[in-house]
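Here's what Swiss-Prot has on this protein:
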type	residues	note
BINDING	Gly12, Met13, Ser14, Gly15, Gly16, Val17, Asp18, Ser19, Met38, Gly127	ATP binding site
ACT_SITE	Cys103	active site, nucleophile
DISULFID	Cys103-Cys199	disulfide bond
SITE	His128	site 'Interaction with tRNA'
ACT_SITE	Cys199	active site, cysteine persulfide intermediate
SITE	Gln340	site 'Interaction with tRNA'
Amino acid sequence: MKKREDTRVVVGMSGGVDSSVTALLLKEQGYDVIGIFMKNWDDSNDSGFCSATEDYEDVERVAQQLGIPYYAVNFEKQYWDKVFTYFLEEYKAGRTPNPDVMCNKEIKFKAFLNHAISLGADYVATGHYAQLQELDGEYRLIKGADANKDQTYFLNALSQKQLSKVMFPLGHLQKAEVRKIAAEAELATATKKDSTGICFIGERDFKEFLQTFLPAQPGRMETMDGIDKGQHDGLMYYTLGQRQGLGIGGAGEPWFVIDKDLERNVLIVGQGYHHPGLYSDGLWATDMNWIAKEERTSPFTCKAKFRYRQEDQGVTVFPKEDGRAFIQFDQPQRAITPGQAVVLYEGDRCIGGGVIDKIHRENA
C-alpha cells in the first residue's frame, strides 16, 4: 500500500461547494492533491452567458486557499462527440435524453480519468454523493448517506475498472455538513448556490437553446381518439407527462403529453393526471450496464428508479442478449420517459442500469 502522501488524487473541480470540499477533505487526509477544472463547452459564442470563466476563478481561489496545484483542461471535442451529439440525436428521435449519465461515463470517468492517469494520478475524486465498498476485489457502488442528494442514479453506467480508480469523499456526508465544512474552512465557494440544469445549457432558456441546433417542426396535437387539440411547437420540446406549455384551454382537468407520433409529427395529449395513457406496466431498456464483475443473465427481482430522486419501485428484470432487458413493474408507473435512465438497486447497492427504449402496456 502506498502512503497517503505518495498517493496522488486528481480532483475534478467545478467551482462549486461539493468539489471544493472534496479537495479540502483529501488534502486534510494527507493525499497529494491536484485540482482540475474541466472545460467541456465552448460558450464563447453565447452572448452574455459565460459561467465557465466565473467557475474557473472560483476553482483558482479555492485551490490557492488549499495550497494545491490546479489546471484547466479542455474536453470540448470529446464532449461534443460523445455527449452533445448523442443529446441531439436522442431529441431528433423524439426522446428525452439524460446527458448527465453520458457525461459521467464518457467525460468525467473516461476522458478526465485518462488525463489524470497521464499526470501520474492513483485516483480521481469527484464531489458526487455516492459511496464505494470494496469486497474481495469487487467494487460496489452504494447510495450516498444523504438520501435527498444521492447521485448513484447518474453513475449507473460506470464499470469495475472505472470504480477501482475513483474516490467519493462526500458519500458519507449530508449536504448540510458539506456546507458547514466549507464555511468553517472559509472556502471561497462556501455560500455559492448549487448549479441546476444541464451542464452546457446552464440557466438559459432550454427551448431557445435547442432551436439553435435543431430546427423545430410544428404539427398537430390530438387525443388518443384523434380529436384535434391545436398545434404543437415541435415534438422535441415536449416530454411525456408534461403539463405546462400545451396551451389547451377549456374547463375540466389539465391536459398532459401522453405520446409522440414521430411518423405523423403529432403530439398525443390526454386530460387528467391519472389518464390511463400515462401509465405503463413495463419497459424495454437498451445499453444495460452491470456494475458487478458478473453480468446478470437470468430473471431477478430488485428495486428501480426511472427518474432522479424517485422512490425505489419494485420490479422484475429479464436480461436479454445484446445488452437489452425487459423490466416489469410491480405497480403501474406514470409517465415513463424513453431516453431517460432506468437504474437498478438491491438495498442501497446500485447494481447497474440502462436507457429506457420503449414502454410496455399489458393491454396495448
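Even glycines carry a Cβ here, placed using N, Cα and C.
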Check: In Å, rounded, how far does the Cα of Ser14 (ATP binding site) sit from the Cα of Gln340 (site 'Interaction with tRNA')?
Finding: 24
Notebook entry, point to check: Looking only at Gly12, Gly16, the binding-site residues on record, which one has the least crowded Cβ, with the fewest other Cβ atoms within 10 Å?
Noted result: Gly16
Margin query: Using only C-alpha positions, which one of Gly16, Asp18, Cys103 is spatially nearest His128 (site 'Interaction with tRNA')? These are the recorded positions in the record.
Written below: Asp18
Next item on the list: Pop the Cα-Cα gap between Gln340 (site 'Interaction with tRNA') and Asp18 (ATP binding site) into the table, whole Å please.
Entry: 25
Next item on the list: Please list residues from the chain of Gln340 (site 'Interaction with tRNA') whose Cβ is under 8 angstroms from its Cβ, counting only those at least six apart in sequence.
Entry: Thr96, Pro97, Asn98, Phe306, Arg307, Val355, Ile356
Margin query: Please report the Cα separation of Gly12 (ATP binding site) and Cys103 (active site, nucleophile) in Å, rounded to an integer.
Written below: 13
Next item on the list: Do me a favour and check the Cα-Cα span between Met38 (ATP binding site) and Cys103 (active site, nucleophile); whole Å is fine.
Entry: 12
Notebook entry, point to check: How many Å separate the Cα atoms of Gly16 (ATP binding site) and the residue listed as 'active site, nucleophile'?
Noted result: 17
Note to self: For the ATP binding site, please report the maximum Cα-Cα distance among Gly12, Met13, Ser14, Gly15, Gly16, Val17, Asp18, Ser19, Met38, Gly127 in Å.
What the structure shows: 16
